[in-house]
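If you check Swiss-Prot, you get these features:
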ACT_SITE  His77  active site, charge relay system
ACT_SITE  Asp124  active site, charge relay system
ACT_SITE  Ser228  active site, charge relay system
DISULFID  Cys62-Cys78  disulfide bond
DISULFID  Cys158-Cys234  disulfide bond
DISULFID  Cys191-Cys215  disulfide bond
DISULFID  Cys224-Cys252  disulfide bond
DOMAIN    31-276  domain 'Peptidase S1'
CARBOHYD  Asn197  N-linked glycosylation site
CARBOHYD  Asn235  N-linked glycosylation site
SIGNAL    1-17  signal peptide
Amino acid sequence: MLIQLCLTLFFLGCSIAGTPAPGPEDVLMGIVGGHSAPQGKWPWQVSLRIYRYYWAFWVHNCGGSIIHPQWVLTAAHCIRERDADPSVFRIRVGEAYLYGGKELLSVSRVIIHPDFVHAGLGSDVALLQLAVSVQSFPNVKPVKLPSESLEVTKKDVCWVTGWGAVSTHRSLPPPYRLQQVQVKIIDNSLCEEMYHNATRHRNRGQKLILKDMLCAGNQGQDSCYGDSGGPLVCNVTGSWTLVGVVSWGYGCALRDFPGVYARVQSFLPWITQQMQRFS
């Protein structure tokens, strides 16, 4: 099911990038303007699954990133319910192809950021604790978290990955291989200006791009439906660093509408606190 989410805060008609898929054959899974990722290139990428009784199948719902052998960071809007039952989720790790292969991993704990209400209001992050450690799994490796002082700019080499739709109206075709695309970081003030100019009177006087958000994308290259919760990584001093979590945007890869991400840097204290508390 492809859900066009209208953010009531600013009446945009903007879309959440990751939503439950309709079924294993028609699943809205690709990155707009990207290409297939080699096996093992992005070893922290995971697929967050929910069970569809109609098909008796665990379908792709969102992306996520392994940040510790037993912890996954994703978007809060992928979880939806603050008291979500961990047993309704499964995690797929270490595979470029969405279906087939390894067994799915169980989730033992779900933690949504306490300030989350809606993706457009910020705090769009959640943690999933895995029932088992993936320390010894092949093609699996945690991604590096940013330092509190890290500043990423348009000069940095950044990529976003996922199994989301390859255009606003076209799902990723079989064999459902992980997609990757290089995107440009866009300064928050410029991103704010772009959204305001493109939507004009619909958001007059309302701040759209908050401090805990990050913008990235190019016309024709972006994350899309089914990518939510997935990683935006930048090559910082030779190491891939997780700087963003796919959150929301207006359509996919449209001119003047960059993708909007949860800024991982803003949530470092919360992430560290939760992992220490429950590990």
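Each residue, glycine too, has its Cβ placed from N, Cα and C.
Features per Swiss-Prot, on structure.
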| residue | record | DSSP class |
| --- | --- | --- |
| Cys62 | disulfide bond | strand |
| His77 | active site, charge relay system | helix |
| Asp124 | active site, charge relay system | coil |
| Cys158 | disulfide bond | strand |
| Cys191 | disulfide bond | helix |
| Asn197 | N-linked glycosylation site | helix |
| Cys215 | disulfide bond | strand |
| Cys234 | disulfide bond | strand |
| message | Averaged over the domain 'Peptidase S1' (31-276), what pLDDT does the predicted model reach? | response | 89
| query | Just the number: how many Å between the Cα atoms of Cys78 (disulfide bond) and Asp124 (active site, charge relay system)? | reply | 9
| task | Fill in the CA-CA distance, Asn235 (N-linked glycosylation site) to Ser228 (active site, charge relay system), as an integer in Å. | result | 21
| Among the disulfide-bonded residues listed here, Cys62, Cys191, Cys215, which has the most company in the form of other Cβ atoms within 10 Å of its Cβ? | Cys62
| About how far apart, in whole Å, are the alpha carbons (Cα) of Ser228 (active site, charge relay system) and Cys191 (disulfide bond)? | 19
| task | Could you work out which of the glycosylation sites (Asn197, Asn235) has its C-beta surrounded by the smallest number of other C-beta atoms within 10 A? | result | Asn197
| said: Among Cys78, Cys158, Cys234, the disulfide-bonded residues in question, whose Cβ has the most other Cβ atoms within 10 Å in this structure? | reply: Cys78
| task | Calculate the distance in Å between the alpha carbons (Cα) of His77 (active site, charge relay system) and Asp124 (active site, charge relay system), and round it to a whole number. | result | 6
